[in-house]
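Inspection log for the structure reproduced underneath, given as structure tokens.
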Amino acid sequence: MTTGFLQKIFGSRNQRLVKQYQKTVAAINALEPQIEKLTDDQLRGKTDEFRQRIAAGESLDKLLPEAFAVCREASRRVLKMRHFDVQLIGGMVLHYGKIAEMRTGEGKTLVATLPVYLNALAGRGVHVVTVNDYLAQRDAEWMARLYNFLGLSVGINLSGMEHDQKQQAYAADITYGTNNEFGFDYLRDNMVYETDARVQRALNFAVVDEVDSILIDEARTPLIISGQAEDHTELYVRMNALPPLLERQIGEEKADGTGVEKPGDYTLDEKSRQVFLTESGHEKAERLLAEWGLIGEGESLYAPQNITLMHHVYAALRAHTLFHKDQHYVVQNGEVVIVDEFTGRLMAGRRWSDGLHQAVEAKEHVKIQSENQTLASITFQNYFRMYAKLAGMTGTADTEAYEFNEIYGLETVVIPTNRPPKRIDKQDQIYKTAKERYDAVIRDIRECYERGQPVLVGTTSIENSELLSHLLTQAGLPHEVLNAKQHEREAAIVAEAGRPKRITIATNMAGRGTDIVLGGNAEKQAAFLEADDSIPPDEKARRIKQLHDEWETLHEQVKAAGGLHIIGTERHESRRIDNQLRGRAGRQGDPGSSRFYLSLDDPLLRIFAGDRVRSIMDRLKMPEGEAIEAGIVTRSIESAQRKVEARNFDIRKQLLEYDDVSNDQRKVIYQQRNELLEAHDITETISAMRHGVITEVVHQFVPAGSIEEQWDVPELEEVLRNDWQLDLAIQEMVNESSSITAEEILEAVTSAADEQYEAKVAMVGRESFSAFERSVMLQTVDRLWREHLAALDHLRQGIHLRGYAQKNPKQEYKREAFELFAAMLDAIKQEVTRIVMNVQVQSPEQLEEAAEQIEEQGGHLENVEFQHADYAESGAPVANVAVAAAATADMVGSAMTHGGAGGEMPKVGRNDPCPCGSGKKYKQCHGKLS
């Protein structure tokens, strides 16, 4: 109450910020008359002047009014568009590292030019991030005219570009690209073997378009670079036969044994998207698997040797019960392609993790792609937090303002519209069944069609859009369908969705980023005419004028009919997605309207609010086909949406807390890697490693401060000879001296190791040996980091079970992840020392060849894929991540000869028998983490 009273007096934080920025707007406007008088060359010359002033120490904040005034004037001359005052405010919000919420049609693309121009003057690079390649290319080509006029270079970073093209794109003052591509480039840069193979510069300033889509909707979906792992194709096919033989249990058993309406083999929790086998389901699955020869007679699925099978059983069950064709995925060209649940777009190249994608492929009888091992991964949350300054813009951010602030430290500022909005948002209409709802939607569309009003219908899935399309065809209403299957045509369809009598069905926010102009998009048609050289100039000018005249007539006609009418056929889990759909109407003060038609069969209502609304309808004795339209019901639905939003926020926050652990470790490894790449000589690093490892080996058999009776000298001699190529007569030293200490033995072994090392260096030269050491170290770091990522994935998969032991899973994860990381660092030291001490050197040429071979094997991994894999959608616990497969083979081995034996050192996998002949697995013997 007190807060509301103070806000009335002083205004909200948002109002105060906007008022503060309006003072700067006045200063920019005051500069306009003198800037207008400048010639094109003088205006362009301002860029060099600003750069000199920045070099002399002037801050960007102080330059802001002049730079914005110059950018606005350049835009007026080049693009024939002058920034409105509210757009200047939006530009300031972005420059100060905040999120600007601007309504659809308010010119976000143009707003971005102001802070991008100002920050590019510093010469440290600016990244403009969009959601897809089409928007990146469109915006870059459109705005490059302005930036080039002002003397700035523009690059476009697209997937599939050549390495040299990418380096040029990043070297430009301003780089446009997609969130995926920027993230993958960061990961790839940390897998290279030469400094000049990197493409990115330091992460300076990023402006993220559709910031809610990238930083919130996709925050649960890490970017993963993966390589091929073990093949379980046959097992997925066998397991696919299991789910159809199991029946779903209806109802949940309570403590008193009641609650089960119909017994079955598994339960389905739609709210948390989980599936669980019941007791009878386990028994039935075990019996069937035994019949198929996959487990022994009477064996349990929980037996250690059957844990992998358990994983496949659940993957198959989830594929059959939780993931549906044309809703969660489509089958295209013999491949299962994920449909993004937020945008309805096809996510080509993205795969579900944890074996789920392979299980869906088996279900759809298409070719099963091999499982992958994670080579590198990062979430958008952690990638974008690395930028020195981050800003974003969207039409709908205010509902998620708390999350932006909590996770990214970004404040959201709602920018006033240039003209007052005229859109009318009508009350939701709720029907008992989906059939009644669709009948009402068709009636509404027909009424709009008859009065010449364009309609945009939003659906939540491809399945629903195709059903509605079928109903419209039956009703004889011409329409366009815009879903993930027509990805290429979406911009063209959206551009014309504002023409009279036009009916467009869109899956969620497909076509986002393209304005719907009332009367159609005359500019696009005029651009086609301009580009056609076969038309004479006079004829071209006449046709373009005719186009604009026709558009004026159509524009007024549509405005008179009520503007664009938005129909939502379902409420989304997030209010923000609903607001995005509504926001397509009423751009720049145009008239418009919106209404949502719901049914009690909708997932959101069924799961969260169905019983309450159904009881209201029953009490009111609503006849069939009659809708309930009341504020209390709409509020009940919004309350359900808030619950889902809060749950999704908790999921993202929890994922971030887990990912922060691996992120801290990633930073350490990548920093070490970069130091290695940039160092000319790593002799000191190798020397410190060698001394550390030798000390550990000696102390294992001759403990520090111990007496002679506790020593195992013969075993020490054997280990030094076999593993480290050091042939020392330590037993003789002990026999000859009555007072020798453990420290003296350590000193003797260390000296021998140093002498052996120096002899190798002397044979080939410091430079050649240093290059070899760098290659070995980089390859070892990369290989063990990959194994470590796999170990972390395994750890995270089961860590939630620690809660049953009254332990905090997050704390347990942090503790064990740290122990694994420390063990990995030890393993790096051991492995590098072992290779360097075992290598037999004959000539510098041979050493260079070995180094090149190591780099080639490490840098050119086979079957590398770039995935944007959705962990959270796999239906696994929140703590779960993709299970990476077994460790890769030792790639260093084939690049050098083994000391003593003179032949090739064998490749040893972690699960292979140890070459020392102990009979143990390599990972439990000489490959063991110490």
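Using the three backbone atoms N, Cα and C, a Cβ is placed for every residue, glycine included.
Long-range Cβ proximity for Glu106 (ATP binding site), meaning a same-chain Cβ under 8 A and a gap of 6 or more residues, is found for Val86, Gln87, Gly90, Ile415, Thr417, Asn418, Arg587, Gln588. According to Swiss-Prot, the feature ATP binding site maps to Gln87, Gly105, Glu106, Gly107, Lys108, Thr109, Asp515.
Marked as Zn(2+) binding site by Swiss-Prot on the basis of sequence analysis: Cys914, Cys916, Cys925, His926.
Other residues of the same chain near the ATP site, with their Cβ within 8 Å of the Cβ centroid of Gln87, Gly105, Glu106, Gly107, Lys108, Thr109, Asp515, are Met102, Thr104, Leu110, Val111. Of all residue pairs in Gln87, Gly105, Glu106, Gly107, Lys108, Thr109, Asp515, the annotated binders of ATP, the farthest apart have Cα atoms separated by 17 Å. Residues near Asp515 (ATP binding site) in space but far in sequence (CB under 8 A, at least 6 apart, same chain), listed by position: Thr104, Gly105, Val494, Ala495, Asn521, Arg587.
According to DSSP, Thr109 (ATP binding site) is assigned to a helical segment. When secondary structure is read from DSSP and collapsed to three states, Asp515 (ATP binding site) falls in the coil class.
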